[in-house]
């Protein structure tokens, strides 16, 4: 009887804590939304931002305009990423979703190797032809590649290094949804070779 009771208590404890062990994302919000504000006097702090009083929000808190405007890609990598996250739409706070528009210059426009520490990305091509990839984690480090045309969709799993490269002779445009209000981005070359202060050259020499 005592042994059975002990087993029951152990099983109950495992079941009780399993949601905590299995959870890989922020808990669901306890209200319809939490419009982000910078006012620390008249808000409550939720998931990295202060919440506006629900009585004071407006449609503008959930709105952004301008993704119909082509971006300038005259830069060293030949691409421009236009984010639409909680910084642009305060109403995205706690909703675990955001968007980017990516414009690529004709042949050679590159969204360089990078990763999003807090989000999976799903990308759809509107114009042009993109060569895309992601690399799996150690120790396999498999390169998963695909050529995408208008209407094609590709998924980049959270935390994995990936890029997009325009292999067409015309400009390319893509939109991507990300599973975080603030997915973050780490551009590999910038992080490794452009850190502040710089990484010790002896470390880089041995690593590469």
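Glycine is no exception: its Cβ is also placed from the backbone N, Cα and C atoms.
Because TrEMBL annotations are produced automatically, they should be read as predictions rather than curated entries.
Features of the protein shown, as given by TrEMBL:
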type	residues	note
SIGNAL	1-22	signal peptide
DISULFID	34-51	disulfide bond
DOMAIN	65-201	domain 'Cupin type-1'
BINDING	111, 116	oxalate binding site
BINDING	114, 116, 162	Mn(2+) binding site
### Query
Taking the binding-site residues one at a time (114, 116, 162), which has its Cβ surrounded by the most other Cβ atoms within 10 Å?
116
#### Entry: Nearest of the binding-site residues (111, 116, 162) to residue 34 (disulfide bond) - Cα to Cα
116
### Task
Give me the Cα-Cα distance between residue 116 (oxalate binding site) and residue 51 (disulfide bond), rounded to a whole Å.
25
### Task
Starting from the Cβ centroid of 114, 116, 162, which together make up the recorded Mn(2+) site, report each further residue of the same chain whose Cβ lies within 8 Å of that point, ordered by sequence.
113, 115, 121, 134, 156, 160, 161, 163, 185, 186
### Task
Write out how many residues of the domain 'Cupin type-1' (65-201) are helix, how many strand and how many coil, based on DSSP.
10 helix, 56 strand, 71 coil
### Task
Identify, among the disulfide-bonded residues 34, 51, the residue whose Cβ has the fewest other Cβ atoms within 10 Å in this structure.
51
### Task
Report the mean pLDDT of the predicted model across the domain 'Cupin type-1' (65-201), rounded to a whole number.
96
### Query
CB neighbours of residue 111 (oxalate binding site) within 10 A?
26
## Note on the structure
Of the binding-site residues 111, 114, 162, the one whose Cα sits nearest to the Cα of residue 51 (disulfide bond) is 114
### Task
Pop the Cα-Cα gap between residue 111 (oxalate binding site) and residue 162 (Mn(2+) binding site) into the table, whole Å please.
9
